[in-house]
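Student: First the structure, which I've put down as structure tokens, then a few questions once you've had a look.
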């Protein structure tokens, strides 16, 4: 086991603070509308230019082991904020630094670290309650666009495109971000349920100009097995021929005689029909067939629940307004299922998402939920160069997370104003002693740090801006974008409540623990030159006889 170096007391705290400051100072230059970018060197590819706090934090590793420990703990704050709310990583880092700096000063002055931490925790609990009281619901499209714009570094085009996407696919809908091919951002919306299975035979195509199958007001037959015998399908096909409506068959597979007969009937115009494979595999396929059944108001014909295909009637079939099938995808638009059953299915899947531990399973469940709830939107980010593309894509993803957080828990005035207002209301938190009281003061002072940093990054005097905002009331704050004061909500400067709450809670949690540090242990770095002993010289060979 390698030898360890142990440092105690003030020496430990000073070195830890140095690491905190290096990381936080690199991250906090990105805060606010006039925040700067940070360039990150990559071992392969071009350097990454970013204004995303957590991306900067993740790149930082320090040589000094003790400084690095401080930096890694603050990195954890940014990562936690990113995981929970998807945004607010820079705010969380600024708050953590402010609490650590003030807290370590108090410890150096002889105050009890544990009481300081308890005071900070009490202040944060009170602050979170006040934040929730200050929060307003974010319901309309305009507010969603404003939140997304602020999070995307005041880029209105990103705000608008996210608001439009949310409007089209609903709050439960899936919105994905991809790299586009054009210079401008584009939005593709797939309404209805789409799954990645195309037609089983090109002879089903009835729209040669687009190479697709389009069925208007079709019946939908869902079968959880392979169909190879046409006799099983005859009762359904005979019933359909009388109605004159088209049929979509979704089965594990349709092959041999059954597929050939369907193709012939379709080409002769006896029955308008198309067949596709069911999406997914195993249990996921069963679940997705059930989703389609609920969406279209049909029943899955499965032998394991005692239903046989030969005995199926038209009442077992689902219906939809329209179905479009291409070589690779099938889209069911406006299924005629009951809304109450669809809503129940969505809430059931939502429950599974919460219980699932696998990221892959969560993603697949959320996709299923979105397809039932409304559709899928794809934002294609446009840019002139690859470097700009990466930076812009990261901003769009941040804005999307912020918007989801805003819809979930509402919004508060942005620009650091919410925390300043909250701090003024919780000054009288109940404490047991003077040290705890000072812990509360540390937390209240730290709550001003984001506003001060936004002002500093905008080239203004932080104390002047902070005092002006503190002397105001309600939503009055500082708009760093155009250097004016006014009502933040009216100016459209909003922060999601969840983002602000998570930033404060995670910053206080980790910074509070750092204040209570009394000793640090790290491996002593070994120099390579010391590890390798020099090889002894070879003695000369004796003369040969």
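Backbone N, Cα and C atoms are what each Cβ position is placed from, and that goes for glycine too.
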Student: Just to be sure I read the record right: 30, 31, 32, 33, 87, 88, 89, 90, 91, 415, 495 are listed as binding ATP in Swiss-Prot. Which of 51, 65, 75, 105 is listed for the same site?
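Tutor: Swiss-Prot lists 30, 31, 32, 33, 87, 88, 89, 90, 91, 415, 495 binding ATP, and from 51, 65, 75, 105 it also lists 51.
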Student: I'd like the number of other C-beta atoms within 10 A of the C-beta of residue 32 (ATP binding site), please.
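Tutor: Result for residue 32 (ATP binding site): 28 neighbouring Cβ atoms inside 10 Å.
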Student: Using a 10 Å cut-off, grab the number of neighbouring Cβ atoms around the Cβ of residue 90 (ATP binding site), all chains included.
Tutor: 28
Student: Near the Cβ of residue 30 (ATP binding site), how many other Cβ atoms are there if near means within 10 Å?
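Tutor: Other Cβ atoms within 10 Å of residue 30 (ATP binding site): 22.
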Student: Under 8 Å between C-beta atoms and at least six apart in sequence, can you list the same-chain neighbours of residue 88 (ATP binding site), or say none if there are none?
Tutor: 81, 402, 495, 496, 499, 500, 502, 503
Student: With the cut-off set at 10 Å between Cβ atoms, which of these binding-site residues ends up with the most neighbours? Options: 51, 415.
Tutor: 415
